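Novice: The following block contains the structure, expressed as structure tokens.
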Amino acid sequence: MANTFFITGTDTEVGKTFVTRALMQAGKEAGKQVLGYKPVASGCELINGELKNEDALALQAESSIKLPYAMHNPYAFAPAIAPHIAAEQAAEPIEPARITEGLARLKETTADWIFVEGAGGWRLPLGQGRFLSDWVKKEHIPVILVVGARLGCINHALLTLEAIRHDGLVVAGWVLNRADAHMSHYEENAATLKALIKAPFLGELPRLTEEEISTAVSYIDPAPLLK
Ligand SMILES: Nc1ncnc2c1ncn2[C@@H]1O[C@H](COP(=O)(O)OP(=O)(O)OP(=O)(O)O)[C@@H](O)[C@H]1O
Ligand SMILES: C[C@H](N)[C@H](N)CCCCCC(=O)O
Ligand SMILES: [Mg+2]
């Protein structure tokens, strides 16, 4: 039976996908078969008649098992906006049951670890008064938080952790990602986060150049996930 982890972040564009890929690579290095799942994606382009999202394509590429794109990304909306608004515009309501069905199909494979990447931050509206966090709660999925290191991230990180725990979920770990290479007093902020966040620390990723991207996995310690 696969272990499933939900990847959330302190905001959009903080490195959820970037870190998920590194986590997947760390899983493979630990001998795990891994799959990535992006249930709800906005900011998609039409490729061979199918709307595809760069996050979902990245997770598909990193997956150990080759599956059709649609199994990685059931909801793909073209505009790079809040998905619930895109869904309304497309007259395609986001149904949690379909997200569940997609995850169930991935669990039928030989995957050991399934990483589910959210969109935006923890409280992502799906429309009809529902949130993606409601689905995570219903599925009882442990959560990994990606903290994007930028001014204001301490508040965002602590409030996100409060919300995850208020929703009754386990924080399986957290990663500090250098989202803003120019953040001032980075080391002091990192020390503050490490002191305040009571959850397994899975690693700290510096801002990597294109040439260094393949080293991202070396900054991840998956040990807390292997327990
Ligand atoms: N540590 C890093 N070093 C270099 N580039 C990074 C790093 N972290 C993130 N990036 C780049 O910053 C951009 C935003 O990262 P990413 O797409 O992973 O954010 P995200 O949280 O997944 O965004 P979204 O909410 O849209 O899913 C991407 O181009 C990514 O490759
Ligand atoms: C388009 C962007 N990159 C993300 N995929 C979607 C971000 C949704 C944010 C919703 C919100 O909290 O305001
Ligand atoms: Mg992403």
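Keep in mind that glycine also has a Cβ here, set from the backbone N, Cα and C atoms.
Small disclaimer: the values here were computed from a predicted structure and weren't measured.
Annotated active site per TrEMBL: K38, in sequence order. Per TrEMBL, the feature ATP binding site maps to 13-18, D55, 117-120, 177-178, 206-208. TrEMBL lists T17, D55, E117 with the feature Mg(2+) binding site. According to TrEMBL, the substrate binding site annotation covers S42.
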Novice: If we check Cα distances from E117 (Mg(2+) binding site), which of the recorded positions K38, S42, R207 wins as closest?
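Specialist: Closest recorded candidate to E117 (Mg(2+) binding site) by Cα: K38.
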Novice: By the DSSP assignment reduced to helix, strand and coil, which category contains K38 (active site)?
Specialist: coil
Novice: As a check: which entries in G15, T17, S42, D55, G120, R207, the binding-site residues, place their Cβ less than 6 Å from an atom of ligand 3?
Specialist: T17, D55
Novice: Taking the centroid of the Cβ atoms of T17, D55, E117 as the Mg(2+) site, which other residues of that chain lie with their Cβ within 8 Å of it, listed in sequence order?
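Specialist: Filtered neighbour residues, in order: I7, K16, T20, G36, K38, A41, N53, A56, A58, L59.
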Novice: Count the Cβ atoms, other than its own, that fall within 10 Å of the Cβ of G15 (ATP binding site), considering every protein chain shown.
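Specialist: Cβ-Cβ neighbours of G15 (ATP binding site) within 10 Å number 25.
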Novice: Considering only the recorded positions E13, T17, K38, S42, G118, R178, which possess a Cβ situated under 6 angstroms from at least one atom of ligand 1?
Specialist: E13, T17, R178
